[in-house]
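K.L.:
Got a structure here, written out as structure tokens. Questions coming.
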Amino acid sequence: MFSWVSKDARRKKEPELFQTVAEGLRQLYAQKLLPLEEHYRFHEFHSPALEDADFDNKPMVLLVGQYSTGKTTFIRHLIEQDFPGMRIGPEPTTDSFIAVMHGPTEGVVPGNALVVDPRRPFRKLNAFGNAFLNRFMCAQLPNPVLDSISIIDTPGILSGEKQRISRGYDFAAVLEWFAERVDRIILLFDAHKLDISDEFSEVIKALKNHEDKIRVVLNKADQIETQQLMRVYGALMWSLGKIINTPEVVRVYIGSFWSHPLLIPDNRKLFEAEEQDLFKDIQSLPRNAALRKLNDLIKRARLAKVHAYIISSLKKEMPNVFGKESKKKELVNNLGEIYQKIEREHQISPGDFPSLRKMQELLQTQDFSKFQALKPKLLDTVDDMLANDIARLMVMVRQEESLMPSQVVKGGAFDGTMNGPFGHGYGEGAGEGIDDVEWVVGKDKPTYDEIFYTLSPVNGKITGANAKKEMVKSKLPNTVLGKIWKLADVDKDGLLDDEEFALANHLIKVKLEGHELPADLPPHLVPPSKRRHE
């Protein structure tokens, strides 16, 4: 008796089990969020429906910049290989969107074929028409870098209204479509000719809902002197501050991202450190891909909820018979007041609402009589997903991340940053002398010995109190000096002999020169007399 009640209750109590985060996101979207989107025509206003390929695809990196800022050369530098369809030159060369992806053989897949392939995440680009699809292709090639990530090369952004109109498709809208689905957006600027055209400003503004994905690269920085570089960097930050309206400062990487010799090598160390940081950021993408997809689904769910409230409010205000057209105009003009009313009634953050101007434009062409009234059950299902299902998936995300290596992307330029004499920081700081036969501290030991014998050694060793008097002269914080003491006291007897004291001073010098201290003492820094204990 009442078996239908018990089944329903049991279904609510038992959480759904997923094998992977991607499978969980796919099922949650199809079962809980998609019905809300379809009921309130979300896809006509904001973004096409997600497909299976959107949840399974590799992390993607989108490169955006004005012409001749080095976008295609940047890809060539990363993968260390020419790719089909690649054109490089000082004039506007890349006139297409090129998805550089892994494939068993080299080749090009045209846009019209790409958008009918269910294994690719590009099917919804069909909506931008033939003018765009004729300017879209996939360059396939076997490459170890592309095993882990895909890279989207874009046409160089030009100045002037003529070029914008002659494209034949909405360039900013296409970029916005990609921005929703990629894991990283890299904006490239040329340090030698810094200029932000009107179209580029519009493009950056179109990406404003994805600031967390944006990184900026100031490329070709080896072509200018240090003083000029500082001025260019300041001008870039000032320009970006006017376009990207966020309190946080966007991360800018400075360098020269190609394999040619540096024209002005003054800032070589800076460029190496910046390249290393950017590579680490890109290498982290596969590890963080599941979290990014989860975050994007949450953002989409919040927008879908707000959209449902907007559409149902408009439906509620519409008359049943007469004066529909005049009422529609009135509602569109007063959409800002409807936003405020929804914000108050449902305690929704202003940041969750879509652009007022864009929404007004889209509503002009809609038939309000086809809008649906509020259906609380659909909203409750999405609320339940956000409150419970997403929390369970977060646990799975952390588990999947812990099983992945920290740097998944390998091959190409990424191999050049690995261990070896040309690895970043090799032979510097605590690594100095790593390949020397002699103990690297030995060359300065006579100087340290003079200080050591003024500190009243007993049986060839000084106490911690006496060592502290000398070590604090470095003005380093006690936390740092405490770490240096632990590293230098190799035999852990609470005292320092002459070699250990020399080692402590060497580590102080390393820190004062701006290098990090090692977590454990490297073998080449162990004093010669202690090496037999190792």
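Placed from the backbone N, Cα and C atoms, the Cβ positions cover glycine too.
From a predicted model like this one, the values you see are computed outputs, not experimental measurements.
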K.L.:
In Swiss-Prot, which of the ranges 153-156, 161-164, 265-268 has the region 'G3 motif' annotation?
P.N.:
153-156
K.L.:
Given Swiss-Prot annotates ASP489, ASP491, ASP493 as Ca(2+)-binding, which of GLU499, GLU500 belongs to that site as well?
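P.N.:
Answer per Swiss-Prot: GLU500.
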K.L.:
From the set SER159, SER355, SER402, SER529, which residue is assigned the annotation phosphoserine by Swiss-Prot?
P.N.:
SER355
K.L.:
Figure out which of TRP177, TRP258 sits with GLY65, GLN66, TYR67, SER68, THR69, GLY70, LYS71, THR72, LYS220 in the ATP site per Swiss-Prot.
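P.N.:
As annotated by Swiss-Prot, GLY65, GLN66, TYR67, SER68, THR69, GLY70, LYS71, THR72, LYS220 share the ATP site with TRP258, chosen from TRP177, TRP258.
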K.L.:
Write down the residue from SER47, SER456 that Swiss-Prot flags as phosphoserine.
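P.N.:
Record lookup in Swiss-Prot returns phosphoserine for SER456.
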K.L.:
What does DSSP say about ASP493 (Ca(2+) binding site): helix, strand or coil?
P.N.:
coil
K.L.:
What counts of helix, strand and coil residues does DSSP assign across the region 'G3 motif' (153-156)?
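P.N.:
Counts, helix then strand then coil: 0 helix, 1 strand, 3 coil.
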K.L.:
If you count, for each of the binding-site residues ASP493, GLU500, the other Cβ atoms lying within 10 Å of its Cβ, which residue has the minimum?
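P.N.:
Ranked by other Cβ atoms within 10 Å, the binding-site residues ASP493, GLU500 bottom out at ASP493.
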K.L.:
Nearest of the recorded positions to GLY65 (ATP binding site) by CA-CA distance, picking from SER355, ASP489, ASP491, ASP493, GLU500?
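P.N.:
That would be SER355, the closest of SER355, ASP489, ASP491, ASP493, GLU500 to GLY65 (ATP binding site).
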K.L.:
Using DSSP, would you call GLU500 (Ca(2+) binding site) helix, strand or coil?
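P.N.:
GLU500 (Ca(2+) binding site) sits in a helix per DSSP.
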K.L.:
Quick one: among the recorded positions THR69, SER355, SER456, which has the most Cβ atoms sitting within 10 Å of its own Cβ?
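P.N.:
Per the Cβ count within 10 Å, the most buried is THR69.
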